[in-house]
Amino acid sequence: MFTIIKGFMAMNTTNILKSLRKKINLVDESIIELLSKRQSLIKEIAKEKIEKKLKIRDEKREKELLCFIEKISKQKKLNTQLILKIFKLIILNSVLEQKKFLKIISNKKINDKTISLLGPKGSYSYIAALKYNKYKLKNYELNMLSNFKEIVCAVELNQSHYGILPLENTSSGDIEEVFNLLFEHDIFIINEFYLKIEHCLLSIKTSDIHKIKNVYSHYQPLKQCNKFIQLFPHWNIKKISSSSYGMQKIMQSNCITNAVIGSEEGAKLYGLQIIKKNISNQKKNITRFIIISKKLKKNHKNIPLKTSIVLKLDKNINNFLEILKIFKSYSIVIHKLQTHINIHKPTKKFFYLEITNDLYSNNTIKFIKEIKKIVDFIKILGCYPINNI
């Protein structure tokens, strides 16, 4: 009897250890994700320092950070010396990464044969890039990056000639992050095109859908498939930088309870199985992609063109009414008029508008000149051929 109880206790201890180790794995995974986000911020800091001609190493800032870390670690009753040692290595890595970034900017000339996009291979941006490359550009190298801001910065800093960004989707609406990047950075839209999006649930094996526990995806597919996801409340949803990164993760994990929302093309690339096809909220799920460049592009006058503009007004409603009068007097056709919130300053709003007029026509030039007199801020985002769905 004692032997049975002893065996049961040993088995129970093993199960508890497994459970605790799984929790530790999740914490470690979170640490890696946060370090990855920190790495992305390092590039942004380096860019700011380059633009403002500041020194890469800021010893005052380093001391302040270490004092802050020491204070927090004491509050949490951690080994302060160990934590400081770890953060000194993180700071050193930050300095080295910024120096490496500076060297790239200083030495690397623009590659006219490079398109930057959200990677890795298998992302919808990747599929869009292949489509655009086939019909519009020939033999361009695809530069895979980890987020939208990196793509914008690559174009803005002359690391890449073009960038591809998703702007809006028929199911989930506008991608606010991309709109804000367009407003804030020195880049222009030079073309647009549309891609039909067919989301699938993918895993390493075609197993029972009810056995799935963890589902990985970029936040956009999650929004576009939320009705399907709600049918499985037991799923643990994990937001990641791109769906193709999730495909890589699933392939490497070799775990049948893990799944990812991605494309059929991505499934073929990573050797994954399709558990369920067409899981989008809408059957006609289409994403509008834009091509960005460092320079404005002039187009042939004999093709239909669209001009994108962003402007900011004060709270005076009369100014907005005055703008509408100017539209009418110059026979400007408004294709789209939207308000967007600055994600960094939620109280600040911008108007985004698309007009079906050539930016370089005499009429449009006069119209913009009049508009400038009554708005607080105006930026031309680009003039490009109209590409209807």
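The chain as shown is numbered from 1 upward.
Cβ coordinates come from backbone N, Cα and C, glycine included.
Secondary structure of the domain 'Chorismate mutase' (11-102), assigned with DSSP and counted as helix (H, G, I), strand (E, B) and coil, comes to 81 helix, 0 strand, 11 coil. The domain 'Chorismate mutase' feature in TrEMBL is assigned to 11-102.
The C-beta environment of Asp58 (substrate binding site), restricted to residues of the same chain at least 6 apart in sequence and closer than 8 Å, is empty. If you look up TrEMBL, you'll see Arg21, Arg38, Lys49, Asp58, Glu62, Ser94, Gln98 marked as substrate binding site.
The feature domain 'Prephenate dehydratase' is assigned by TrEMBL to 114-294. Within the model, the domain 'Prephenate dehydratase' (114-294) shows a mean pLDDT value of 90, rounded to a whole number.
Taken from TrEMBL, the feature site 'Essential for prephenate dehydratase activity' applies to Thr287. Secondary structure at Thr287 (site 'Essential for prephenate dehydratase activity'), as computed by DSSP, is strand. Its own atom aside, the Cβ of Thr287 (site 'Essential for prephenate dehydratase activity') has 22 Cβ atoms within 10 angstroms in the protein chains shown.
Among the record's substrate binders, Arg21, Arg38, Lys49, Asp58, Glu62, Ser94, Gln98, no two C-alpha atoms are more than 42 Å apart, and one pair sits at exactly that spread. The Cβ of Ser94 (substrate binding site) lies under 8 Å from the Cβ of Arg38, Ile42, each on the same chain and at least six residues away in sequence. For the binding-site residues listed here (Glu62, Gln98), the lowest count of other CB atoms within 10 A around the CB belongs to Glu62. Listed binding-site residues: Arg38, Lys49. The one with the lowest count of other Cβ atoms within 10 Å of its Cβ is Arg38. Long-range C-beta contacts of Arg21 (substrate binding site), restricted to its own chain and to partners at least six residues apart, with a cutoff below 8 Å, are absent.
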